Amino acid sequence: MSLPKKKIGIFAFFLLTVFTITLKTYFSYYVDFSLGVKGLVQNLILIMNPYSLIALVLSVFLFFKGKKAFWFIFIGGFLLTFLLYANVVYFRFFSDFLTFSTLNQAGNVESMGGAVSASFKWYDFVYFIDTIIYLAILIFKRKWLDNRAFSKKFVPVVMATSVALFFLNLAFAETDRPELLTRTFDHKYLVKYLGPYNFTVYDGVKTIENNQQKALASEDDLTKVLNYTKQKRTEPNPEYYGAAKKKNIIKIHLESFQTFLINKKVNGKEVTPFLNKLSSGNQDFTYFPNFFHQTGQGKTSDSEFTMDNSLYGLPQGSAYSLKGDNTYQSLPAILDQKQGYTSNVMHGDYKTFWNRDQVYKHFGIDNFYDATYYDMSDDNIVNLGLKDKPFFKASADYQSKMKKPFYSHLITLTNHYPFTLDEEDASIDKPNTGDSTVDGYIQTAHYLDQALEEYITDLKKKGLYDNSVIMIYGDHYGISENHNNAMEKLLGEKITPAKFTDLNRTGFWLKVPGKSGGVNKEYAGQMDVMPTLLHLVGIDSKNYLMFGSDMFSKQHNNVVPFRNGDFITEDYKYVNGKIYSNKDNELLTEKPKDFDKNKKQVEKDLEMSDSVLNGDLFRFYKNPDFKKVNPGKYEYKSGPKGNEKK
């Protein structure tokens, strides 16, 4: 490389760094982030939003002199690039953006190494090529740099321009998306309108506000929530109320399961033949085909949290990680106090993942059968932990010896991203979509279906089937929007935002002893499971704070809110600010009569649930029907025998 005729000055290096980082951010918008950008205004906003914070941050280093200025600008640029790339990798895996809250979950990343590494792409060098070039110049081609001081009078101009551009950006954003900063349920909106860097600043401010909320919370805040949830309560259905009193409850978590798999064939073979039978209505199970997950960033942990507490997860981060030491009125604790149930969770991963070993104590869960209770030899492990077949087999053995009635929650793992399976376990050919994630998903889902069938057979052999409520559900979507092209090949139809919402159906199957099965087409979500189960065992939900409604109730609320503020009803869905018909997923030209009421209810639900978590409001609840859980009572010893409740 020959010496350039004109050296690179400090200000020129600053402009070059701002330009290349901004360019990389544009690249991420269109290649990696699914932001749903439409129209001239939104594209103009994308052009503006990265520049303001990049320029403002890096302009601070213009006050330094000589080599220091070059190096500080470089380091600042590298940190911004690292933040961008971290968001890219995180988005590929979670379809969401990094927050300060998710940093508290960083310990989970080590356990998910294979899944995270699968998120890397061949073109990722684009995000670092400028950084490498600048570093090479700073180390090996210092003669190219002009270290002479330049007039600092330009620096305040740059800063003022950056701030002015931010407010102009915000004005455009508020015009296109009113109340953007007050209705902040969806991070994609915030990044689309503010950019990833301003979003990080905004998230930091919100995190501080939420931390202050607990200190300022009072019993009056709880009263407001109680008054609201009591108005939402639905009466139990007399036909089902108490039908399963003191029966065992077995809750089976199907990792990443989506119901587009039901009755789906690949190369002429059913992907989920056993679940297909359970979905027919001719078995012991009632199938809810319009059951949706309601998780946020916490994914699996949000699913557990919502179904055991009838509360929403957090808008940022995982409630397990951030609110694990709160006071709760959980389903396992209520079952114990009202009907003497023992409770346990069974999972082929280690107990510290998702902070479970601490959270479960606050839920009043008696026993935790983690990976130390299972044979974790190499032949039994794939992806994140224990394969489903040996997991189910060992779990059934443990359950056959449990004190009854018990509440047992089994969490599977094999059908987890990146959906890899040992050759000897694969018994269905992969489709050929050209996407290893989608193709692998078919094989791992088929394996999960086989494992589930073997487990149900074991329950029958061990005499547990007839006297147990058995609940099966998918915890969250498995295939994100990043794989829409492959999904279109697999399903043979266009994946629009409305269709992707339909794909968030994760299924719910429920066997109640003494009741025949069927198909229940009510629209419901994970929030509704807790009141449904309480009524089945004969415990009235009226004395407990819950946001869901009994799925068997004749007054069941068919509005299903999502964590980002979208929602779906029997007739239409609200997605990314637009309303679509459920019949054909076409955009509605007229607003439904009940739309404003439903939208207000969804926003109020999310707001109230957030206040419960951020204010730790259950600590103020004096409920004569519930004694607060003492987490100090619980200890989860390592296997093989554990600490079983006698």
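Cβ atoms are placed via backbone N, Cα and C, with glycine included.
These figures come from a predicted structure and were not determined experimentally.
Taken from Swiss-Prot, the feature topological domain 'Cytoplasmic' covers 1-7 (among others).
Sequence-distant contacts of the transmembrane segment (8-28) (same chain, at least 6 residues past either end, Cβ-Cβ under 8 Å): 46-47, 50-51, 54-55, 58-59, 61-62, 69-70, 73-74, 76-77, 80-81, 84, 87-88, 126-127, 130, 134, 137, 144-148, 150, 154, 195-196. Taken from Swiss-Prot, the feature transmembrane segment applies to 8-28 (among others), supported by sequence analysis.
The topological domain 'Extracellular' (29-43): residue composition by secondary structure is 8 helix, 0 strand, 7 coil, according to DSSP. Annotation source Swiss-Prot lists topological domain 'Extracellular' at 29-43 (among others).
With a threshold of 8 Å between CB atoms, the same-chain residues lying at least 6 positions outside the transmembrane segment (44-64) that come near it are 10-11, 14, 17-18, 21-22, 25-26, 29, 37, 72-73, 76-77, 80, 152, 154-155, 158-159, 161-163, 165-166, 168-169, 172-173, 176, 192-198, 201. Under the heading transmembrane segment, Swiss-Prot lists 44-64 (among others).
The topological domain 'Cytoplasmic' feature in Swiss-Prot is assigned to 65-68 (among others); the stated evidence is sequence analysis. As a summary of secondary structure, the topological domain 'Cytoplasmic' (65-68) carries 3 helix, 0 strand, 1 coil according to DSSP.
What Swiss-Prot records for 69-89 (among others) is transmembrane segment, and it gives sequence analysis as the kind of evidence. For the transmembrane segment (69-89), the residues of the chain that approach it from at least six positions outside its boundaries are 10, 13-14, 17, 20-21, 24-25, 28, 32-33, 54, 57-58, 60-62, 97-98, 116, 119-120, 124, 127-128, 130-131, 134-135, 138, 145, 147, 196-197, 200, judged by C-beta separation under 8 angstroms.
Look at Swiss-Prot and you will find 90-119 (among others) tagged as topological domain 'Extracellular'.
Sequence annotations record features per position, and here Swiss-Prot assigns transmembrane segment to 120-140 (among others).
As a whole-number mean, the pLDDT of the topological domain 'Cytoplasmic' (141-153) in this prediction is 74. The feature topological domain 'Cytoplasmic' is assigned by Swiss-Prot to 141-153 (among others), with sequence analysis given as support.
Taken from Swiss-Prot, the feature transmembrane segment covers 154-174 (among others), and the record attributes it to sequence analysis.
The annotation topological domain 'Extracellular' is assigned in Swiss-Prot to 175-646 (among others) on the grounds of sequence analysis.
If you look up Swiss-Prot, you'll see Glu255, Thr300, Asp475, His476 marked as Mn(2+) binding site, on the strength of similarity to another entry. There are 24 other Cβ atoms within 10 Å of the Cβ belonging to Glu255 (Mn(2+) binding site).
In sequence order, His253, Glu255, Trp354, Ile411, Asp475, His476 are the residues near Thr300 (Mn(2+) binding site), counting only same-chain partners six or more apart with C-beta under 8 A. Annotation source Swiss-Prot lists active site at Thr300.
In this structure, His416 (substrate binding site) belongs to neither helix nor strand by DSSP; it is coil. The substrate binding site feature in Swiss-Prot is assigned to His416.
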Extra residues within 8 Å (Cβ to Cβ centroid of Glu255, Thr300, Asp475, His476), Mn(2+): His253, Leu254, Ser256, Phe257, His293, Thr295, Lys299, Ser303, His416, Gly474
For Thr300 (Mn(2+) binding site): DSSP state (helix, strand, coil): helix
Same-chain residues near the topological domain 'Extracellular' (29-43), Cβ under 8 Å, at least 6 residues beyond its ends: 88, 91-92, 95, 123, 172, 175-176, 188, 191-192, 481-482, 497, 576
Other CB atoms, at most 10 A from the CB of Asp475 (Mn(2+) binding site): 25
Secondary structure tally of the topological domain 'Cytoplasmic' (141-153) (DSSP, helix then strand then coil): 3 helix, 2 strand, 8 coil
Residue numbers, six or more beyond the limits of the topological domain 'Cytoplasmic' (141-153), whose CB comes under 8 Å of its CB atoms: 1, 3-4, 7-11, 13, 62-63, 65-67, 70
